[in-house]
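Undergrad: First the structure, then my questions, so here it is.
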Amino acid sequence: MVKFIALITAAGSGSRMGEDIPKQYRPLAGKPMIYHALRTLCGIARISTVCIVLAPEDTEWIRHNWREFAGKIQIFNCGGATRAESVTNGLKALRAANHVQDQDWILVHDAARPGLSTTLVERLLDQLADDEVGGLLAVPLADTLKRADDAGRVICTEPRERLWQAQTPQMFRMKLLLEALEKAPAGITDDASAVEALGLSPKLVVGNAYNFKVTYPQDLKLAELILRERAIT
């Protein structure tokens, strides 16, 4: 039977946050940031395993209590210098541990997207389980885009029709994803880009604005509000 396996990338340093600890461990709504996505993914019955890819030198993970997820999580200290390297290393570690088959689905998620909801994950699974390629959560672009010159002057306004903002999870079969990442050009920033480079067209599944990536310190307040509101409702 084909399995669904989640893989959370958590090997980054979070340098843009200006913190002494990696961003994924930054306290958020009373828990480390990574906890919120981990809880959502572990709560999905169709997902058999949630793998967390940490940096080899990570010392923060063991400082926290993860017992509630025992039996469903797998830790790999094999993160690389880039997101693509971390995902590639995680997939190879899964294969070496005999936890995955070529046709199993892999859902790659960023630890810094704590606003991921059960509804979004279930929607992704429903819409992609029988897809030939796979796909990703994304939201149609709402903001007006300006292209600038080197002096910070507007060159033109870019049309936003058919433009989407990529989110995670991004879901592809194990064999395809590993092949795509191993052949990917330098500088790719997500898994879908690697698959696109093979000439394939991933499917866009509508996400929502709550599933944004926490990147800068000011993002933390918004993420905190979202998570606390969710806890109340």
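Placed from the backbone N, Cα and C atoms, the Cβ positions cover glycine too.
Quick paste from Swiss-Prot:
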type	residues	note
SITE	Arg16	site 'Transition state stabilizer'
SITE	Lys23	site 'Transition state stabilizer'
SITE	Arg160	site 'Positions MEP for the nucleophilic attack'
SITE	Lys213	site 'Positions MEP for the nucleophilic attack'
Undergrad: Roughly how many angstrom lie between the C-alpha atoms of Lys213 (site 'Positions MEP for the nucleophilic attack') and Lys23 (site 'Transition state stabilizer')?
TA: 11
Undergrad: When you tally the Cβ atoms that lie within 10 Å of each candidate's Cβ, which of the recorded sites (Arg160, Lys213) has the highest tally?
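TA: Selected residue: Lys213.
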Undergrad: Give me the Cα-Cα distance between Arg160 (site 'Positions MEP for the nucleophilic attack') and Lys23 (site 'Transition state stabilizer'), rounded to a whole Å.
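TA: It is 31 Å, counting Cα to Cα.
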Undergrad: What three-state secondary structure does DSSP assign to Arg160 (site 'Positions MEP for the nucleophilic attack')?
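TA: Arg160 (site 'Positions MEP for the nucleophilic attack') sits in coil per DSSP, no helix or strand.
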